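What TrEMBL says about this protein:
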COMPBIAS  1-11  compositional bias 'Low complexity'
REGION    1-47  region 'Disordered'
COMPBIAS  12-23  compositional bias 'Pro residues'
REPEAT    117-151  repeat 'PPR'
REPEAT    220-254  repeat 'PPR'
REPEAT    324-359  repeat 'PPR'
REPEAT    519-553  repeat 'PPR'
DOMAIN    734-827  domain 'DYW'
Amino acid sequence: MATVRSTLHSNLPPPPPSSPPARNPTAASPRYRKPLTTTPAEHTALHPSEAASLLTAAARARDLRLGHALHARLLRTGTLLEADAVVANSLLTLYSKCGAVDAARSVFDGMPTGLRDLVSWTAMASCLARNGAETEALRLLGETLEAGLRPNAFTLCAAAQACFVSELFHSACGAVLGLVFKMGFWGTDVSVGCALIDMFAKNGDMVAARLVFDGLVERTVVVWTLLITRYAQGGYADEAVELFLDMLENGFRPDQFTMSSMLSACTELGSFSLGQQLHSLALRLGLESDSCVSCGLVNMYAKSHIGQSMHNARKVFNRIPKHNVMSWTALLSGYVQRGLQDNKVLILLCEMLSEGIRPNHITYSSLLKACANLGDQDSGRQIHAHCIKSSLADVNVIGNALVSMYAESGCMAEATQAFNQLYEKNMVSISCDFDGDGTGQDYQIQGMDVGISTFTFASLISAAASVGLLTKGQQLHALSLKAGFGSDRGIGNSLVSMYSRCGYLEDACQAFDEMSDHNVISWTSMISGLAKHGHAERALELFYNMISAGVKPNDVTYIAVLSACSHAGLVKEGKEHFRMMQKDHGLIPRMEHYACIVDLLGRSGLVREALDFVNEMPCKADALVWKTLLGACKIHSNMDIGEVAANHVVELEPQDPAPYVLLSNLYADAGLWDQVARIRSAMRDKNLMKETGLSWMQVENTIHEFRAGDTSHPRAEEIYTKLDRLIRDIKGMGYVPDTSIVLHDMPDELKEQCLLQHSEKIAVAFGLISCTSATKPIRIFKNLRVCADCHSALKYVSKATGREIILRDSNRFHRMKDGECSCGEYW
């Protein structure tokens, strides 16, 4: 016992100079003092058993108000708290279960030393472990051992719970396990087993969690469900399914929590046939009406793109006896992911509000993310207004979604404003302390309204990537290191994504290499970054390394892999990977995967084969697939198939201007100006507008935006003077404006003038007069795909000026140096 005790103490960090346990400001407690005056009724003392029963009942109900009242009466009517351990422990347990740390500590400190027993020490330690004072909890448990008390199952559960924190897990986990073995609780106590499973799972060690599970002599539904849930939450959906089948074979009946976790697992796997079987099982077990199970079913069907899945999601939703915010959020997210137009999602949102259900931050963030994917800024602005009215616009997850939504819609001013509000709200209060000696850092971080956590940093870094604010991303990287979050995997993943999306591929690779623990998100982010920067072979090599490391790819990984093949024209490899994802990894293709194959074939000129592939799909192609085929038809001037694809897109998404624009471009390429006029007339009748091209760049913490023919910039005269000089220089090097891409019936001179005022040309001229360092690349971001003429012109500019130009368009990165582009003319 002494050895374990000393180990536990030696592995704990020293106590801070003045670090009280985490406090709950709403849970103030009466002090140990006699009232100054009393009334006759207040002299009536509670019997010890009566007092203990009342306190136990209040604890079960989590009724803190009743607890305070009982505590006050005990103080007024006698000395039970100083004399009766059962009463004092009951009060301590009540405060512990209610999370009232200060009140619990007051009771514990007020108990005479001889009155404290193992229940007292355990209740206090458990309270601290559950409320953010894990280090203090372990220190208290060490004192328990020093007092000569023998830990029981509850004590060991409290110790394991304190080790949920990563730093304490690594320093004190061994001591806790030693106590479990020494006290004879290994494999013999279900509650201790569950606590250890949770301890390992929350620290990412699912192998050890499974060893604990396998070592249990007795297993209950709770234990099975706990490990299934942790597998599902940790990205081990296959293991969750396998364990669930073992559970059924061993004769255990799953409950609503088991079914809810299993539905999440099969949704992650994309195994909707399994989801339907789970639905059938839920019906047989009478669990479909449970709110968690029904929400899981709605979510599962909503994320399936097969057959009438959305219809099935609505049917399940309609059968729910009482809707809540979870069920509505699942349904709304499903509809909006399908690209529903005509503001029908907002109508559904109004229905939700009419039922008296207030959307939460998850509802709004899901809707905003979907609007970002769709580029639907009108709906996004209306949802933003709802967030403001609900006082939720400042919540981190919503602020991040707002940044992404505005950035994806090309509204860079609004995106930057949303990011700045998010950044200042979270970071300004601790920035000053980081400039000092850091002694108050922990206090300031914990004392903020929202709280700086690893999630906050990861969220802000992702938001900076959406806007292309590299400087802010680098500042966040430095601040996260100073806050002690350098080893966090979530932040590491965000850094990989941020640096690659801002055009700093080398820094992204370094961030990836410095991570000690890669998960599927880490690998996928790096593979996607390499693919978008034109390094398809490196991306595929990294994918093979991922497989060799034993990390199972998910459906997003395969989108990155197939995109890499598409951008490099690797048709054979792309087809093989599409086969592998189904045969080797059991992943059912989503519409995005089918669109990748159509893009792969279409870019390679195999437009007819791409059409055949679409017609042979096992499910009906959505607008994304047809738009991808239409884009390929535009590249290869295939009008016949282009008309077929355009008609399908118009039928599926009548309010989307993209098919009209692409079809108009096809007709213009063929010189069919009457057809072009007909298309444009139809767009006017339907009030459809082509998305405006926008380029932007960051110079000294300021975002500068440019549109075609833009003269609003303060340095417009200098910009156009520089641009005219550039055009003369590159024409002398062989550049010839490609007037064929100007899709208007006008003289060639006017067409050339239109070309020379494209936003990316204006941006590069501004970059050259603003960024004078010859060693620094000029970095430009564009909301649309770069046109062929600008691509050619910027290559010539890179050769004429000796400057590297990095352009991120809506598809990929183009790194132009010495007249060559990383895309290899394949974009």
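Each residue, glycine too, has its Cβ placed from N, Cα and C.
Remark: secondary structure over the repeat 'PPR' (519-553) totals 26 helix, 0 strand, 9 coil, with classes taken from DSSP.
This prediction places the mean pLDDT of the domain 'DYW' (734-827) at 84. Here the repeat 'PPR' (117-151) is broken down by DSSP into helix, strand and coil counts: 26 helix, 0 strand, 9 coil. Shown for the domain 'DYW' (734-827): DSSP residue counts in helix, strand and coil, namely 37 helix, 16 strand, 41 coil.
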